[in-house]
Amino acid sequence: MLREGEWSRLFKEEFALFYSVFKWLVLAVVIGVFVGTAVSTFMLALEKCSKGVGSLPPWRILLLPLGLLASVSMVRYLKVADSTQGTESVVEAVHHHQGRIDVYTVIVKVIAAVITISTGGSLGQEGPSAQIGSAVSNVFATGFRLNDIDRRKLVVCGVSAGMASVFGAPVAGAVFGLEVLYVGQVFYDVLLPCIVSGMVSYQVSLNLGMAYIYQPLLYIPKMTGPHVLLWVVLAGVFFGLVALLFIEVLHLARRGYRKLAFHPLFSAFCGGLFLVLLSSVVGPRYVGLGSQTITDAITGQEIPKLAFFWKSLFTGLTKGAGGSGGVVTPTLFIGAASGATFASIFSLDPVLFSCIGFVAVLAGAANTPIAATILAAELFGSRVASLAAIASVIAFVVSGYRSIYPDQIVKCPKSPLLDICDEYRRVGEYEFDPMLLKLPMVRLVVRNYRLWRKQRKIARKQ
């Protein structure tokens, strides 16, 4: 039996917990309704503009340089607060500005994203949706006079609601909003409101007539037996390397444009012209969202073996030229296409490995293996999700401490052989202690290699 004082303490604890749950449930529902409405408006506007441009004759590809020029001009001359785009700007705001984000900046960038994507820019709609979610959350956080801690939590809820609405997978979208902030840590204290806001946002989008490009495909794999696990493991390594390739293409394109040191408007226009030329050589399937190619891949249709590489290049060039938009949709394209390529090379089930690649490359590129696994379960069913989980975790490890979001924070090492010295380093800026070199066999190999190089230098001098 509890004593009299313990009953009082228990009552206070339970009251505080119930109050917290009730408070965040109310906030989550409100955020879900408004974010779902705002994101649906954005996606419907993008769909209408894309259909309008798509109805034009084949010369419509020439609108791409003009679209990039208009997008960069808006961001440059309408005096937006920062130059980062999409989900990356939200991650930066949560880490460095207590979740504060300028609403005017978001409005300008969302309009710029509609122009970029509808005219053929190889970017996605998830980034602007995350920005919309964070902006709506900021408005309510200011109106409710929340402190900085609660503001950050509400912004994370808004991001989760935005991602759930655009994914068409409410739980995966909600978890993605949590998992994308840190490598190796999830904010479990915001898990309930994030899932609630994601579910509400998703339902609002459905009621507003949203049609998702990622339609659920409850697929039963044709391949069975223990050998399937071996192929899934090998595919996970391949998808991790594909994710790493995509990340490096994005970074190389960004650095390449900076080294050219041209005026931003000139870079945007010339980048658009180069994309038009490249599209005339390799085909038009790599401009825009690429939703038809994603559908073809996960339904077993034949697509070019290098489709994942070309999409990486188109996305890097569009992003580097200053185009506004997200990189998750291109990541899903690259994943599905690379899965089809892997299956084609080894004569495997193309649908199964396209579905696995669809989520595994996302896990490796964005460091979100949990969200990727849940996405596989929601879109493809439990039979695919169990295999996708293995490939996603392997791709997550293989991709290393790199990300399509440079402002992600590394909180814990992906491997005990890589000991992070500073757990609050951004991806790409980490410092680690390579404990692998301390293992006896590895030390012997390294010592013999160094001795061989020394002897080789001496022999050359003689």
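Positions of Cβ are set from backbone N, Cα and C atoms, glycine also.
Because TrEMBL annotations are produced automatically, they should be read as predictions rather than curated entries.
What TrEMBL says about this one:
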| type | residues | note |
| --- | --- | --- |
| TRANSMEM | 21-46 | transmembrane segment |
| TRANSMEM | 58-78 | transmembrane segment |
| TRANSMEM | 154-178 | transmembrane segment |
| TRANSMEM | 228-250 | transmembrane segment |
| TRANSMEM | 262-282 | transmembrane segment |
| TRANSMEM | 351-377 | transmembrane segment |
| TRANSMEM | 384-404 | transmembrane segment |
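Sequence-distant contacts of the transmembrane segment (21-46) (same chain, at least 6 residues past either end, Cβ-Cβ under 8 Å): 110, 113-114, 117-118, 125, 128-129, 132-133, 136-137, 140, 144, 153-154, 157-158, 161-162, 165-166, 190, 192-194, 196-205, 208-210. Counting residues 6+ beyond its ends, the transmembrane segment (228-250) has Cβ neighbours under 8 Å at 221, 308-309, 312-313, 315-316, 319-320, 327, 330-331, 334-335, 338-339, 342, 346, 348, 353, 356-357, 360-361, 363-365, 387, 390-400, 402-404 in the same chain. Only pairs six or more apart in sequence are counted, and the transmembrane segment (351-377) with the transmembrane segment (58-78) gives fewer than three Cβ pairs under 8 Å, not enough to call it a contact. Same-chain residues lying 6+ beyond the ends of the transmembrane segment (262-282) with a Cβ under 8 Å from its Cβ atoms: 61-62, 64-69, 71-73, 76, 120, 122, 310, 313-314, 317-318, 320-323.
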